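Mind looking over this structure? Questions follow.
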């Protein structure tokens, strides 16, 4: 069934590859630009989930065309700051899932704090017609720890500020905002006067707060509210992830290496680290907001994993490779508290058969996960991700397709990478993405390329020839007579 | 801490002798009037004593003089060596340092007859001043105390003495001189004058000349020995064996020749990889020597024996020696480093 | 041309010399392979990591060289060590090692094999050990006609623990390449001497220059070659060959050595190099006299000439002494001098005496490092006395001095090992040649006069070799000897493997321990702490630690240090020692004045780790006392009974010292009250641990081996820290802190 996926994706390669590249250069509009008021949000439900250490927001909106002519461009406003931290924007049709994700691209206004995400509806919406949109996106670096620095044994609290009214470029007749928390202990939250039959907002059920329902609100209306709640887990933030995927046809091997630059964005220590307290806390209350362990679920058949940092091998890691999946558990050299850094590198090999396919056309298709970060209960956020697929020497005609939301793909280009015994260097596809989260772990990356036989034979021939040359040179040198006179007496 | 044994011995005798001396520690009487004297006169008195003859310094004090000497107020400095020369205490260090101390005191005092530096050197033996030792709660000897002046130009705020310890073993006079000089800023420091040892010079001269003449006379006989290759070989081998069996270690660390094990016997081999005894190294050297000798014999002598039977016999003899002794060597090494797993019969 | 001489030898042996030479090459390759692979224990057991302490600096320097190129490396001023002094690194190191691996690195790059520089550094020593084995082979072949001796020597050289100790994978130190250079220089010297050839002399000088660029131990060559020549002269063996070889070597070699900034003009100014110069002059004199004598054959004149030569030599020596005493020539450097006057270092330079590898060698160490070679070695030397050719004299001299130095300093076992291997190989091969000889002589008298080399011994020879060489009659005798020596050699190989794997293969950065179930457990505290420093402290945070860890901090934590293992500034080290040995109040000003941010101490109490700072503490005290005898006194750290204690009975000075406080701070809280024990010293600690006022604990590694403390900033209210801490603890202060306003650093 996997192969069918590959091919179905492979057919649509060309178009999507081009789309990815166009998304890299954004068009900027004058600051006077305002979205034409052609839509109206008939009903809107805004769900903000704070369970992970990034914010996942989803806006389910029923839009209605109130214009005379059919319209196909729906705008969602964001502040410049939000836009820089915005990732993984996906828009779906709520009614039928068969319609693929709509194209969503950033529209930036110069000297203006308000920018937009433009959503292109696949087919224009007739006047008066309605369409249900499901817009989901992630916001990184969304929280601030409050208090900013706490004692080693204290609980960590995070604060998040947002608007009770969903940000919208259009008038909204009916809306409500749900906020989901990791636990039901919510220290503080803004209270609003109620409307209609509700005395006051918000209402709390378990670990969920609900603001609304609100009645008619104009375009761009906002009602700032803030919540502060317990989040006693590490706020893991990967500011940069460099992921190398190196394909070797001779070795029949695909080598992965990932270099993480990892920060803890949580609360700092108010007093310096105390080992005694730490060792005691290991017994008494093991769950802490310090990062102790990272679990990397790898594809089945992954082998010889390694875990190093700038000084060398880190011995505190376990690798279990089973039938169904392989699990790499790594522990940082020291518990990572708020404000501390811990950069490290992991890597592993796996059999090319499970990633590489030969197409009838004679080319090859490589299908690897775009992102294979750790799977943590509290989640992981990636600010910048660079995926570099190093193809064998002489690979040509490289195209790629990924199911990562195109809005997150910053750039993609093909370069030359020189390494062991290369003469012309290997073809490397480099994709820059930003603002990803670990929920996008298993999105796949398809790379297709041609690899003629001549290219594959290049290396052995070159090595053989040079070795021969060396031997010949040695033979010649051996022939040279060093003595001045052969009959020299000792 | 080579001081340690003497410390302990001295400690023992202190406790006993203290009880013995508990009864009558008289002799404080005459010193009473001495102590009355103004500091200046006291200094002149003691300094006069010291300079009376060239060998007077350092003053041999009894407790009374001592108390008088260090009594406050004083406008002069006092350097007193508390020592225990009596053989009973077996204070090796004291005896070693005594000549140096006398040398220092004499050269200083004679170097400064007018007493501009205003220092008095004195020695107080344990027998003459038990209570002083008690007073300081001393458990080790020797100890050098320096009493700074409490009045006059060079007065120091605190009147209590500075203490010089001999933790580093016996010190040369110059070292102590340096220390004292540090305590006496901007005053003359007469240097230590070591008397020229004529006897040594003469003897060395005689020896050298004698040796020279002797060698000249005996040259015809010496020459073949010098030229003899076997002699050189023997010398070389002996030297090598000496060095490789840890002789230098003994020289540098002054290890004991043998040490007794707990149960009254003597242990020939020191416990531990990093240590060894003098006798131990000699045993090892002997073992190496035997092995070398057998090796040489097997390599050089045996193949030169013309008669097959004797050759076989000699061979068997030396070979078995080699075999047994090497196995012995390995077994000894096993005792030195317990983890060592290899062995050769017969000493498994 | 290496195979040339054995080939000539084999020509007499008869047919099949080409096959033999092929075999020989293969065997040598195998030996080199064995030498390399026997040094890889640590890589297999742990990882490809740099070992110990000094290698970390070499590694760092190499990285700098690779990154910034040779000329920047040459005038590299390193401001991240010896804060605030800095170090003119380019001019104060032996660049040979770094340049070597730099060249290898770039060569591999050129071959499009981008190997990580770390791996090159780690594997450099094993690689060169292979070359050393081959060099030993060549050297031995110059000594004896026996073809097997060379191979045996190569084998011994390859696996002798005495050499492995400094050349396992990861011990990236100067010795790694220096021993190869040593042996090869000697080989070239012998070659030059035997042939009297200028070419070989020049080659010898070239490699001597390389050696000088690589290791301070070059002085060994600088003294050994003149000594050899001098002995030859005294034996009346002066020859033009000697003249040519020596003068070529000295002239070129000295010039080459003076190219190294670190060496500079030492070769003409220090006493270590004077013997070479003296012999050089003496040789000129002799050459002149020789010429004159050959011109004027008259006995009296000759005797007069010889007298003249002798007096000239004496006068030269006298002049040398005078020049030294007048100060024109620097006296022996401390390290070198302490080899002769063995008591010198302990009294005058505690820093040198404090280094463990400068301790004298006990006999077990000899046996440990050489096993049966230690007694085969004299046998070989004796055999060389049979025909005492010039090259044999060299081995004899080398043997004597090598064994002396090895006895004085553990470290110099390294320089002894090659000659031991050569001599022992000669002995063994001699034995085997005699006892493996298949054909036995028929009957005595026939054998006696038939044997040609019976006269070999001659009059000048050894007494033992006067009788003719007969051979071995009984076959069983041969079999016995051969089998027993086969067993011994096997045992030797096992011994070497055992020693290497047990003693010399742990990278002291990572400690390995065994879990109850026998599995290996890695204790990685050093890197844990260094990584923490590297990631979570300011880029330019100054770390104060004892000098042993300076290089590691520089290499792994990448932070500036006050002192490090290049102990060029005794005072600075003594300052750190003083700061560690005195109380917080007294050492705080020192730390502030040196801008110290963190204090790092090594504490083995929890794990029973012996190499910790409390055990080294007395050396810190001694070194500090050497500079400030009034402020730091070793006596104060011993109890009245002269014991060095850390428990409740420790002296007050000890308890108040920064080292003690930082080592044991908060340690007792790890145990139930009153149960705190120091597993290293095996003592119970007092119930109440030390209190810190001017420092605060910043980080402690998992097993407490590394403890890092932050030096507090000046108090905001201008109080001294003691009262500030007391105030925070809520203790009532006697007198209120009067100093408000500007924050000042009080210096007692």
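Placement of Cβ uses the backbone N, Cα and C atoms for every residue, glycine included.
Where the annotation comes from TrEMBL, it is an automatic prediction and has not been curated.
Sharing the feature lines straight out of TrEMBL:
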COMPBIAS  C:731-748  compositional bias 'Basic residues'
DOMAIN    C:22-423  domain 'Oligosaccharyl transferase STT3 N-terminal'
REGION    C:729-748  region 'Disordered'
TRANSMEM  C:21-41  transmembrane segment
TRANSMEM  C:92-108  transmembrane segment
TRANSMEM  C:120-140  transmembrane segment
TRANSMEM  C:146-164  transmembrane segment
TRANSMEM  C:176-193  transmembrane segment
TRANSMEM  C:242-262  transmembrane segment
TRANSMEM  C:274-292  transmembrane segment
TRANSMEM  C:304-330  transmembrane segment
TRANSMEM  C:365-385  transmembrane segment
TRANSMEM  C:392-410  transmembrane segment
TRANSMEM  C:469-494  transmembrane segment
Which stretch from C:21-41, C:176-193, C:242-262, C:392-410, C:469-494 shares the most C-beta pairs under 8 Å with the transmembrane segment (C:146-164)?
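Per the Cβ count, the answer is C:21-41.
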Do any residues of this chain, six or more beyond the ends of the transmembrane segment (C:304-330), have a C-beta under 8 angstroms from a C-beta of it, and if so which?
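Long-range Cβ neighbours of the transmembrane segment (C:304-330): 266, 269-271, 274, 278, 281-282, 285-286, 289, 292-293.
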Select the range from C:274-292, C:365-385, C:469-494 that forms the most Cβ-Cβ pairs under 8 Å with the transmembrane segment (C:392-410).
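Checked against C:274-292, C:365-385, C:469-494; highest Cβ contact count belongs to C:365-385.
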Checking distant contacts: for the transmembrane segment (C:365-385), what same-chain residues at least six beyond its ends satisfy Cβ-Cβ under 8 A?
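Distant Cβ neighbours of the transmembrane segment (C:365-385) are 143, 156, 160-162, 165, 392, 395-396, 399, 406, 410, 413, 417, 419-428, 430, 462, 488, 491-492, 495-496, 499, 503.
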Short question: which residues 6 or more past the ends of the transmembrane segment (C:120-140) have a Cβ under 8 Å from it?
2, 28, 31-33, 35-37, 39-40, 43, 48-50, 55, 58-59, 62, 97, 100-101, 104-105, 108, 149-158, 163-164, 166-173, 176-177, 179-180, 183-184, 186-187, 190, 418, 421-422, 425-426
What average pLDDT does the predicted model assign to the domain 'Oligosaccharyl transferase STT3 N-terminal' (C:22-423)?
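In the predicted model, the domain 'Oligosaccharyl transferase STT3 N-terminal' (C:22-423) has a mean pLDDT of 89.
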